[in-house]
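First the structure, in the form of structure tokens, and then the observations on it.
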Amino acid sequence: MAENKAKISSMETSQDLKSDQNEKQTLLAVLQFLREHNLQETEAILKKETKLTDNDLQKEKAQPSSAVSHALAAYKSADDPSIYDDMSTRLNWPLFSTLFSYTSVKFFQKFSGDQEEYYAEDLARLAAVQQREHMEADQMMETFKSSRFVIRMSRDSYTHLKRHLQERHLTLLINMIQEHLFIDVFDGIPRNQEQIHATGGAMLGEADKEANKAKVFYGLLKEPDLNIPLEEEDEGGDGDGGDAANKSKKKKAKKDPLLMKKSKNDPNAPQPTRIPLPELKDQDKIEKITAYREALKRVKLSAEHLPSICFYTFTNACQGVTSVDFTNDSSMLAAGLQDSNIRVWSLTPRKLRSMKPQSDLEVIDKEADDVLERMMDDRTATETKVLTGHSGPVFAVSFSQDRTSLISASQDGTVRLWNLLTWANIVCYKGHNFPVWDVKFSPHGHYFASGGQDRTGRLWSTDHYQPLRMFVGHLSDVDCVQFHPNSNYVATGSSDRTVRLWDVLSGSCVRVMTGHKGAVHCMTFSPDGKILASAGVDHMIILWELASGMALAHLKGHTSTVYSLCFSRDGTVLASGGMDNSVRLWDMSRVIEEQDTDTDSNVPSSLHVNTSPDLLLGTYYTKSTPVLGLHFTRRNLLLGCGPLLLS
């Protein structure tokens, strides 16, 4: 017992001596710090109170600056900016953006140059923050402080990171990582630099693995059974020399093979009743019959057979063209202008007409087969119509599938619905708090989607004043929206450099896709609904597979912002255009052929993104016209348009 007490007493004495020695070392470090900074009066007072002499200082060897800093670190406040200087050299952007809120302008100047180039826009915004008051009012700063940056990391890399931080006793850095980062650990080998770069660039890092787990019904809806008789073509006849009997025979007793193909059940398609869709009217059925017949005469495109391009140039456009759209049947073109007007042109010999006045409509035979034709007033026929109602630049226009309506979005924060029979505004939708950047009609009509500066996407219907769904999750402006061909999903592209896919039924986000290095300004779905193409400020087009949310290919070639994308009607060619005054064609058939089927979405290190320059089929330059709109006709003729810009 006495021996144990002696051991305990000896241990306590040893600990006390060690504590005294550590305390003395700290005091000597403080004195050395005061002497280095020429704080003589403070040094003299401290020496007097601690009873340390110059002999004590001379006995101790001069300590390096790093040792002094280490000794003083325990006395630093969490608000002291200097404690973050060393750790910021170990982690770049994820913690830099967060640490900046605790530090100073000097910290920004010292470490901002170490960040990746695709964070230049965010850095420019942070550079404007000079005072604490600026931080509290800045939207981006609030985002960084309230959200967690996502980093995907292999299990081995994560283990090495933890060991590295623990061995160096970087407790503060460990706490910062736990508080402000979400490290999504995956099994498998670590990714290489190219794979990391392919999915990086978003404002808050990559999408975590749970974000893309939901099932997406990307298949097409079953087409209605319309029993379409085919018109028989004269084969080998010369003009007027054909047989009159054959000419009189115009119908065949078999169904359209294209219709038969589209009527098959798709296992990946949603139920036709999953969301309520409008019933087909007789006019809609006639339109579908016309579309199917035109599709039979469609040119098959390939690398050897590229489409012809017809380009429309807006000359003398002093009002400033901001947006364009074509009708599905390529008969009309609409342009939104900076002077708040919308102008619509006819692209066929048939001019645009207005409906007759009410007094004339009352005497029309409503049972006549051509009642719609009788309702139109030939006296009002013109090649162009102007729609006036917005009080700010019109940033987007979109035709309905039946060509009877047009939807528009403006800087004035409103979305307006226009009737193209009376050429008048019939509804003004108010919901967005700031400018509305884009609006699109559903392929099945009735619904439309919008996105704006308030960072939200919204789903509307033409018979409701208020939105049916709000798509909330983006961290910056929603710059573009696009409906899936089956109308069950809406895609949104944002200035936060992400693309999201939203379920119309539930309003939930089912895909988060990262990889863009700039704001996303345009998107389009492939005709079969399996692929989404997106592009924007980073000059790059990314093809996404909706089933997994992974990137299939990065199409590089444009030298400026890409503003328009369009798939050919058979999905074999993708056309793109932008501010570099060019139209470029890309080989989609080759992308599908070279797709890596062994890729596992749960193992990012198996990701393979096709970046082959051979995917570019051709480049066609305009003289001085940026390409704002592209559209494939039903026979695969490519239409383009843009305003002439004279330097």
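Cβ coordinates come from backbone N, Cα and C, glycine included.
The model shown is predicted, which means the values in this text are computed figures rather than measured ones.
Some features that TrEMBL has for this protein:
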- 1-21: region 'Disordered' (REGION)
- 102-181: domain 'TFIID subunit TAF5 NTD2' (DOMAIN)
- 229-277: region 'Disordered' (REGION)
- 230-241: compositional bias 'Acidic residues' (COMPBIAS)
- 255-265: compositional bias 'Basic and acidic residues' (COMPBIAS)
- 314-355: repeat 'WD' (REPEAT)
- 387-420: repeat 'WD' (REPEAT)
- 429-470: repeat 'WD' (REPEAT)
- 471-512: repeat 'WD' (REPEAT)
- 513-554: repeat 'WD' (REPEAT)
- 555-589: repeat 'WD' (REPEAT)
Tertiary contacts of the repeat 'WD' (387-420) (same chain, 6+ residues out, Cβ under 8 Å): 283-284, 287, 320, 322-329, 331-332, 334-344, 426-445, 448, 450, 452, 460, 462
Within the repeat 'WD' (387-420), residues counted as helix, strand or coil by DSSP: 0 helix, 20 strand, 14 coil
Distal contacts, the repeat 'WD' (513-554) - CB-CB under 8 A, six or more residues away: 117-118, 121, 198-202, 205-207, 211-212, 216, 218-220, 268, 476-477, 479-486, 491, 493-495, 497-501, 560-567, 569-571, 574, 576, 578, 580, 586, 588, 591, 595, 599, 601, 607, 609-612, 615
Beyond the flanks of the repeat 'WD' (429-470) by 6 or more, those residues with Cβ under 8 Å of it: 277-278, 392, 395-402, 405, 407-417, 476-483, 485-487, 490, 492, 494, 502, 504, 507
